[in-house]
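Asks: Feature list, courtesy of Swiss-Prot:
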REPEAT    53-92  repeat 'WD 2'
REPEAT    94-132  repeat 'WD 3'
REPEAT    141-180  repeat 'WD 4'
REPEAT    182-221  repeat 'WD 5'
REPEAT    271-310  repeat 'WD 6'
REPEAT    313-353  repeat 'WD 7'
REPEAT    356-395  repeat 'WD 8'
REPEAT    398-439  repeat 'WD 9'
REPEAT    486-525  repeat 'WD 11'
REPEAT    528-567  repeat 'WD 12'
REPEAT    590-629  repeat 'WD 13'
REPEAT    691-731  repeat 'WD 14'
REGION    893-922  region 'Disordered'
COMPBIAS  900-911  compositional bias 'Acidic residues'
Amino acid sequence: MKFGYKFSNLLGTVYNKGNILFTPDGNTVISPVGNRLTVFDLVNHTSITLPIQSKYNIRRLALSPNGQILITSDESGHTLIINLTRQVVLGEYKFFKTPKSILFSPNGAIIAIAVLEKVFLFKTPIIQKQPNPLIRLSVFTHKSAVISMCWSADSLKLMIGCKNGTLLIRQGKSERVSYFQVKGSGIINCFFGNEESTIAYAVTPTGLASWDYKTNEEMEQEKLERVENGETAYLREEEMDEEKLKVITENQRLYKGRWIFKGFKKFENYGVKCKVKTVCFHLKSKLLLVGFSTGQFILYEMPGFNQLYKLNISSHGISTSAINNTGEWLAFGCSELGQLLVWEWRSETYILKQQGHSYNMNTVAYSPDGQTIATGGEDGKVKIWNTTSGYCYITFTEHEGPVTAVKYSPVSSQNVVFSAGVDGTIRAFDLVRYRNFRTFVSPNKTQFSCLAVDPSGEIIAAGSLDSFEIYVWSVRTGRLTDILSGHQSPVCELAFDPINPFLASASWDKSCKIWNIFEDREIRESIQHTSDVLTCAYSQDGKKFIVSCLDGTIQIYETSTWGQIGLIDGKNDIMGGRGYKDEILAKNNSAGRAFTKIAFTPNGECIIAGGNSKYICIYHIDQQVLIKKYSTSSNLSLDGITLDINWKRVGEFGHLDAMEKDFDSDDDLYQQNKEYLTGSSKGDLSKRTTKKKQKTTSISVSPTGRAWAVSTTEGLLIYSLDDFLFFDPTDLSIDINPDSILSELNLKNYLKSLIMSIKLNEKPIIEKVFESIPFNEIQLVCQEFPIYYLKNFIQFLSGYFEKNHHLEFQMKWVKLISIYHGKYIKTNSLSMITSLRNLQKTITQTYNDISKVCDDNIFSMEYFKTVLLKELKSQEETNKISKKSQKYKKYLESKKNKEQEEDQFSDDEETVYQNNKKNKNK
């Protein structure tokens with residue numbers, strides 16, 4: 001089994017606190033999720049969490065105009081400079097407090113960062129790592145804390161809004177500053193109203209104040225017109241008092257003109273229970289978006305302050321808002337509900353509507369095909385998440401109490417998920433019709449703590465917290481078939497044997513019992529332990545059974561003889577950090593040093609275990625050793641992350657994290673926690689400041705074995721062997737043009753030239769590079785091809801197939817792309833379904849055309865072959881006959897010659913004989 005699991009995605013949490021951003025193209029939203037960042041692609045409907053963690057919860061975000069540099073700052077002022085394209089940290093910077101505002105200039109050359117009363121100007125870093133990423137240019141100090149800033153369109157002016165109602169406009173390198181004072185109220189945000197920067201807006205909790213910049217010539221002209229009309233030339237102070245707002249401009253005569261107060265307009269729904277929470281302004285479309293604490297937002301058209309749209313989108317206050325580059329999409333974040341919305345106000349439709357669990361997530365389960373994940377939380381909701389897109393596409397709210405367990409039916413064709421809750425019900429949900437089609441209840445009202453489904457999906461069992469019994473139901477009939485009694489403490493875990501008809505139950509009474517619920521309904525085996533049993537699990541083949549105990553041990557049993565074959569002591573591996581309320585060191589604290597959740601890998605060789613700490617451990621069963629250890633979080637905003645506490649934060653009256661704060665600047669800028677004041681009649685007097693502790697509440701392994709998920713305090717973490725983190729491997733600092741592409745091609749950098757051509761998106765260039773890649777280099781290019789451009793490349797292949805007929809060359813590409821990236825193509829088939837269908841259609845059509853010609857050619861070749869064979873055969877026979885005849889002729893000739901020779905020889909002998917006879921006679 002491979003152990004190269006890496007963090008892949010974070011589900012279950014879409015927004016915590018801080019501001020949200022649109023990317024420059026307007027199609028992507030960046031949302032802070034704890035100490036991580038989640039990017040939502042609104043066009044492809046996918047979300048991915050960047051593999052970057054800050055030290056504390058992120059509170060401020062800023063993105064450069066070109067979308068390459070992202071700056072984040074957390075609660076402690078720790079600032080990260082991130083290359084968003086490559087998803088790497090370029091550098092770090094430490095401020096003494098969390099910045100209230102971080103803003104890039106429109107030309108992208110300068111960064112303005114406001115920290116308390118100071119405004120720092122830095123030079124924008126390059127997209128490469130360097131020792132000092134932020135070079136400070138200048139710093140300005142003010143009398144009050146800076147709340148907001150705004151750059152002019154030409155990047156020469158910087159507007160600064162302070163907490164005491166002071167508004168300043170700094171111009172370029174000069175020391176000239178324009179001052180405005182809004183008495184009686186603070187400033188929430190400030191903006192320039194036009195591209196010429198001659199209109200200034202300041203948003204207060206009650207309304208909107210505006211100023212116009214008038215040149216000396218314009219003021220003289222207006223003065224003459226007013227004198228001719230019998231009007232005064234200047235606005236009197238009494239007129240401002242009527243608006244209950246006094247605005248004081250500088251008395252000095254400015255260069256070429258001065259700022260003139262135009263008026264103050266109140267928000268129509270302002271009241272005691274309705275406070276302004278967030279404001280943003282879109283310069284191109286002149287839209288002002290105001291979000292209120294009631295969950296309502298109003299869209300105004302400026303400069304006329306005309307109300308265009310009004311809608312209530314949430315039951316809680318809107319924490320942050322943003323407008324995309326076209327002004328059509330409005331993004332909202334609600335920290336109390338963990339909700340993220342994107343609304344298209346012209347068509348009145350949701351582009352994105354995601355919400356995590358309001359409270360902690362208790363349980364998680366993978367579907368049989370590994371495509372979806374079911375989660376249950378303390379808020380009584382069951383959510384179904386798509387592992388590919390990272391979106392929640394259905395939420396079931398039928399439970400009236402916290403959900404303690406969720407399980408999928410092992411039969412994938414049933415499309416059923418079961419859930420158990422403390423409300424005393426077991427509910428079955430249909431994932432096709434999205435409804436609760438069956439509810440199982442016990443005779444006596446009880447709280448269910450665990451759930452198990454048999455391999456056939458026909459029987460479910462649930463364990464009780466208060467009655468210590470196990471209830472068994474038939475899914476088909478919905479009737480209670482049996483009640484199993486025998487435990488003396490709450491039942492904490494149930495597990496069905498995948499092969500044999502047995503049910504295992506674990507309880508706090510230090511026992512683990514094996515039930516035969518299908519035959520005699522009696523206890524087949526009872527395993528006693530020396531400490532409380534926390535959880536148990538079967539392997540996929542049913543041959544091994546593991547039990548986790550309170551003493552930190554994991555005991556391994558063989559199911560054939562139920563003999564113990566191994567013991568893993570993991571209390572030192574699961575040891576977490578020290579909490580701010582702990583009086584002893586973490587290594588001396590025995591509390592929580594046990595595995596509360598364990599799961600087998602699909603091959604049954606390893607187990608994945610977690611507990612009340614930030615660590616996840618993977619053990620090998622046979623060797624009983626720790627193979628790998630994962631840390632689920634490094635967020636110091638959570639408790640129990642470090643091995644020891646920070647003694648600088650411990651005072652005479654305890655730890656600073658446990659003390660109440662009269663003013664929380666991150667939650668509400670202008671509202672103190674008055675419920676803690678002496679004589680206050682409202683508020684919960686039992687409230688305390690607490691920190692969440694990082695722990696693992698559930699573990700589930702994908703049936704494919706390539707991923708596993710854990711539900712933690714921060715959300716649902718997915719660790720995978722597949723690299724789904726998209727990044728652009730092309731160095732964006734290089735000028736991508738046809739000449740640079742051809743030069744890379746001449747240098748035989750085939751992969752880089754192909755990616756650059758796809759990025760340039762000019763078909764002739766892509767075709768030239770594509771056809772220039774040698775046949776023997778295709779495999780290497782396909783193997784290293786980034787999935788970031790896979791969709792565009794498949795689209796190119798589908799179009800290239802229709803026009804060109806380099807069949808073997810094209811099929812080589814298709815084959816190798818499918819081999820090396822088939823997993824990703826399968827899981828993301830919906831996003832590229834059009835290109836895949838076009839490619840399939842073209843290949844099928846080519847196959848049909850070629851196959852018909854090939855079949856005809858094959859038949860013709862068979863005919864010619866047959867004729868040729870016959871001809872050859874007849875020719876061979878003829879040759880054989882001719883050879884025989886020739887041999888016979890030769891034989892006859894040789895015989896004739898022989899006879900002639902014999903005749904001649906006989907004549908000669910006769911002559912000799914006669915001569916001899918004559919001689920003898922003589």
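Every residue gets a Cβ built from N, Cα and C, even glycine.
Note that the coordinates shown come from a computational prediction; the quantities given were computed from them, not determined experimentally.
Set these features in their place in the structure for me.
Replies: Across all of the repeat 'WD 2' (53-92), the predicted model scores a mean pLDDT of 90.
Each residue in the repeat 'WD 3' (94-132) gets a DSSP state, and the totals come to 0 helix, 17 strand, 22 coil.
Long-range neighbours of the repeat 'WD 4' (141-180) within the same chain, counting only residues 6 or more positions beyond its ends whose Cβ lies under 8 Å from a Cβ of the stretch, are 100-101, 103-107, 109-110, 112, 114-119, 186-192, 195-197, 200, 202, 204, 211, 247-250, 254-255, 259, 261, 283, 669.
When Cβ-Cβ distances below 8 Å are used as the criterion, the repeat 'WD 5' (182-221) is approached by residues 147-154, 157, 159-167, 169, 244-247, 256-267, 270, 275-276, 279-281, 283, 286, 288, 290, 302-303, 305, 669-670 of the same chain, each at least six residues removed from its ends.
Under 8 Å from some Cβ of the repeat 'WD 6' (271-310) lie the Cβ atoms of residues 153, 188-189, 191-195, 199, 201, 203-206, 208, 210, 265, 316-323, 325-327, 330, 332, 334, 345, 668, 670-671, all in the same chain and six or more residues away from its ends.
Note: the repeat 'WD 8' (356-395) comprises 0 helix, 21 strand, 19 coil (DSSP; helix = H, G, I, strand = E, B).
Counting residues 6+ beyond its ends, the repeat 'WD 9' (398-439) has Cβ neighbours under 8 Å at 359, 362-369, 372, 374-382, 384, 445-457, 460, 462, 465, 473, 475, 478 in the same chain.
Counting residue by residue with DSSP, the repeat 'WD 11' (486-525) contains 0 helix, 21 strand, 19 coil.
For the repeat 'WD 13' (590-629), the list of distant contacts is 1, 3, 5, 534-541, 543-544, 546, 548-552, 554, 556, 566-568, 570-577, 640-641, 693-705, 708, 710: same-chain residues at least six beyond its ends, Cβ to Cβ under 8 Å.
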